[in-house]
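S.K.: Take a look at this one; I'll ask things after.
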Amino acid sequence: MFLVNSFLKGGGGGGGGGGGLGGGLGNVLGGLISGAGGGGGGGGGGGGGGGGGGGGTAMRILGGVISAISEAAAQYNPEPPPPRTHYSNIEANESEEVRQFRRLFAQLAGDDMEVSATELMNILNKVVTRHPDLKTDGFGIDTCRSMVAVMDSDTTGKLGFEEFKYLWNNIKRWQAIYKQFDTDRSGTICSSELPGAFEAAGFHLNEHLYNMIIRRYSDESGNMDFDNFISCLVRLDAMFRAFKSLDKDGTGQIQVNIQEWLQLTMYS
């Protein structure tokens, strides 16, 4: 067993699936995302060099990373995604907006009533084409696989209705934040705009973590486009929620074995 200290510090809380859905679904979802309310890793160690020097360097690097992330989890109070429910279990008090979303989800998800990574990629890319002010290379299949994985609470490899709704609501909110903090209207978030955007999303990180994120998700000039911004926040939200679920006594520390650690980190 080994100890993993607190992760970060913050809180957090797709476009038509191909020709069969036609432009109507894309138009409706594009409208939904436009109507969003405003506001809103790290280095492993090196090998063991002569006389133990390499091992000492490795431990210092790892210790620095853990120290950087250990200040964060205490203030994170996410609302977990609602439990999965069968599509037919529609509550009488659902709003018309939720009922409409269920109908759209049914069209998108198909007979299995789940959204795959490919279906998610199609819907997100159809929506972002309606927003030329968002600079993006498009959502790739690997990005969407990662997004599905971190939201996939029952490890089916797909998103059920509640999982997809939770993801979609976050994307709407984060899109509004992205536009708000793109102050120079470049279509990207630059390194100086990033802290404000992340704090508006509820993630209060230290400088070391911001630098790590910029190196991982931004281009060589330090600019982060929309798909990388969303991908990063989806991952942060999922990591925070996973940590909180394991930190049952609220100490800011969790203890996991190697199998639990691999399960947590590899399927994401």
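Backbone N, Cα and C define each Cβ position, glycine as well.
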S.K.: So which of LYS172, LYS179 shows up as N6-acetyllysine in Swiss-Prot?
M.R.: LYS179
S.K.: Can you tell which of SER6, SER34, SER116, SER192 Swiss-Prot marks as phosphoserine?
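M.R.: Of the listed residues, Swiss-Prot records phosphoserine for SER6.
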S.K.: Including all protein chains displayed, how many Cβ atoms other than that of THR156 (Ca(2+) 2 binding site) lie within 10 Å of its Cβ?
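M.R.: Taking all protein chains shown, THR156 (Ca(2+) 2 binding site) has 14 Cβ neighbours within 10 Å.
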S.K.: Which whole-number mean pLDDT does the model give the domain 'EF-hand 4' (205-233)?
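M.R.: Result for the domain 'EF-hand 4' (205-233): average pLDDT 93.
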S.K.: Which one is it: of the binding-site residues GLU119, SER186, THR188, GLU193, whose Cα lies the shortest distance from the Cα of THR156 (Ca(2+) 2 binding site)?
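M.R.: Smallest Cα separation from THR156 (Ca(2+) 2 binding site) among GLU119, SER186, THR188, GLU193: GLU119.
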S.K.: Can you tell me the CA-to-CA distance separating SER186 (Ca(2+) 3 binding site) and ASP225 (Ca(2+) 4 binding site), as a whole number of Å?
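M.R.: One finds 10 Å between the Cα atoms of these residues.
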S.K.: Which residues, same chain and not among ALA109, ASP112, GLU114, GLU119, have a CB within 8 angstroms of the centroid of the CB atoms at the recorded Ca(2+) 1 site?
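M.R.: My list of surrounding residues reads LEU108, GLY110, ASP111, MET113, VAL115, SER116, LYS158, LEU159.
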S.K.: Between the Cα atoms of GLU114 (Ca(2+) 1 binding site) and ASP225 (Ca(2+) 4 binding site), find the distance and write it as a whole number of Å.
M.R.: 28
